[in-house]
Amino acid sequence: MPAAKQPSVKKRPAKPATKTADPAQACPWCGSDPLYVHYHDTEWGVPEYDNQALLAKLILDGAQAGLSWITILKKRDGYYRAFDQFNPEKMARYTDAKLEKLMLDDGIVRNRLKIKSARQNAQAYLRIMKNGGPNGEKDFSEFLWSFVGGQPIQNNYHSMSDVPAYSLEAEAMSKALKKAGFNFVGPTIVYAFMQAVGMVNDHLVSCPRHAVLSR
């Protein structure tokens, strides 16, 4: 779920990023860490449609596997630097020597399989951008958003125990991504991705951001 701006990635204008007036009303998962709170208040759940931004977020969520999101959030700038601002053309051409060099970069999580999957996912992304999605989608964004009918699913959860680990839509997206050649895209990772990029509004009803993102 990620605080630094990503200069090379163009995003559609976000919905108003209103600060949560009372921290006690915010989704409890963000705690009190200023970086995490800022992410919750300004990014998490805001619909994202930019192709490259979606690829970057999917790779970052894959890097989170087995870890907490705050770990990746604190290293996000390091990831953008190490992976050429998540430029898919550059990443797809990474040599094995380049991947080994990334294993020495303490600005990212140094997991060989996760690092290798970034190259694999960039290659899969470029195939979709060139050939379209399996059901005629014109690009990566349209392919991903097709699993929620092209618009955010508005959930109305009242407690964290109500929020599922994954959904039927996440399972379907996970299956399609794997078939397309992506890695580190299990249903739980995919659902976290869907929450973060606004495909589902999973802010608790008591959180002011829920109403903002329901407009």
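A Cβ is built for glycine as well, from the same backbone N, Cα and C atoms used for every other residue.
Listed in TrEMBL:
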- 1-24: region 'Disordered' (REGION)
- 15-24: compositional bias 'Low complexity' (COMPBIAS)
- C27, H40, H203, C207: Zn(2+) binding site (BINDING)
Seminar exercise, completed: Given the binding-site residues H40, H203, the candidate whose Cβ has the fewest other Cβ atoms within 10 Å is H40
For this session: Please report the number of other Cβ atoms within 10 Å of the Cβ of C207 (Zn(2+) binding site).
Result: 22
Exercise. Which residues, sitting 6 or more apart from C27 (Zn(2+) binding site) on the same chain, put a CB under 8 Å from its CB?
Worked result: H40, M160, H203, L204, C207, R209
Problem set entry | In three-state DSSP terms, the structure that H40 (Zn(2+) binding site) belongs to | helix
